[in-house]
């Protein structure tokens with residue numbers, strides 16, 4: 001039996017990255033008869049300040065998670081549409097993809113933040129109505145069209161760019177660990193995915209600081225364009241080419257475990273994934289890479305411990321909650337090795353205490 005994660009999905013059917021491209025949205029979808037928009041309240045407001053949508057397009061503004069209940073409700077509202085246009089961040093885009101899948105129609109992705117690769121992947125991360133992780137759904141179609149407008153994205157909140165960098169960094173650390181631990185000979189496209197993951201990592205390690213500075217100053221730079229394109233589109237090719245070998249592993253399993261701690265529900269996806277990378281590396285005893293990332297996280301403002309994730313409850317209790325989920329047989333930590341709940345708890349404690357043992361290296365960098 002062929003599983004969705006065994007199928008190579010290279011990315012959007014069409015991709016345009018261009019300054020001002022969002023102003024051409026109506027023209028780009030003119031071949032459709034009944035477009036409908038799925039968006040969020042903040043994303044719709046931001047987009048409307050930049051460009052106007054045709055008044056006859058139905059618009060559903062969604063607040064909440066990409067949950068089965070929300071997807072069913074919105075799909076019912078948009079019956080009769082022949083294309084869904086998702087305008088928003090990762091949650092909105094995942095919701096739009098699921099709605100289009102339910103209606104068996106095309107989907108167009110218009111990201112309003114450089115926060116995830118959701119605009120370029122044929123899958124949706126599904127949560128329950130309270131924000132707890134449930135599953136990942138794979139869709140029949142890739143996006144008909146994905147757009148990136150650097151001029152628009154330059155006005156994004158800083159936290160979303162930070163989140164996008166954190167989420168995208170995981171592409172290398174997770175794919176490399178999965179492939180290194182694979183017991184079977186691997187197809188050529190999996191090796192291509194690993195090459196893409198290296199390229200993604202190198203762009204982010206080299207240009208993220210300049211991209212962050214561009215956003216802070218409002219000055220568009222090549223670094224900002226390259227980093228946002230990497231986050232939104234290039235990152236998606238790692239999983240697209242690599243399938244099960246290029247998707248989520250230890251870092252995302254930690255993220256999923258963190259969703260069961262209510263204090264982290266305000267923390268963006270990629271920020272939790274960034275912390276998850278540290279835990280995965282600690283579990284693998286790759287502490288030199290932890291050192292490298294801690295320095296980068298300090299510069300970029302990414303979380304380095306549970307306190308910076310907003311967790312103020314008992315550390316050991318939080319670690320057990322996260323590890324209990326991450327170590328489950330149906331989770332993705334097991335893709336990089338046979339790790340028990342206790343070993344993952346130990347890895348969390350290593351990260352939580354590691355920096356305090358090295359004050360001379362980390363002091364004064366705030």
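Every residue gets a Cβ built from N, Cα and C, even glycine.
What TrEMBL says about a protein is an automatic prediction, not a curated fact.
When the domain 'Alcohol dehydrogenase iron-type/glycerol dehydrogenase GldA' (12-144) is classified with DSSP, helix, strand and coil residues number 45 helix, 34 strand, 54 coil. Among the features that TrEMBL reports, domain 'Alcohol dehydrogenase iron-type/glycerol dehydrogenase GldA' is placed at 12-144.
The Cβ neighbour count for residue 93 (NAD(+) binding site), using a 10 Å radius over every protein chain in view, is 34. Marked as NAD(+) binding site by TrEMBL: 90, 91, 92, 93, 94, 121, 123, 127.
Taken residue by residue with DSSP, residue 269 (glycerol binding site) is part of a helix. Remark: residue 269 (glycerol binding site) has 90, 115, 116, 125, 163, 167, 255 as non-local neighbours, by Cβ distance under 8 Å and separation of at least 6 in sequence. If you look up TrEMBL, you'll see 167, 252, 269 marked as glycerol binding site.
DSSP assigns residue 252 (glycerol binding site) to a helix in the three-state reduction. Residue 252 (glycerol binding site) and residue 91 (NAD(+) binding site) are 16 Å apart (CA-CA, integer value).
Packing around residue 123 (NAD(+) binding site) is summarised by its Cβ count: 23 other Cβ atoms lie within 10 angstroms of its Cβ, all protein chains included. Same-chain residues that are not part of 167, 252, 269 yet have a Cβ within 8 Å of the Cβ center of the glycerol site turn out to be 116, 163, 166, 170, 248, 251, 255, 270, 272, 273, 276. Here the Cβ of residue 167 (glycerol binding site) has 28 other Cβ atoms within 10 Å, regardless of which shown protein chain they belong to. When the binding-site residues 91, 121 are scored by other C-beta atoms within 10 Å, 121 scores highest.
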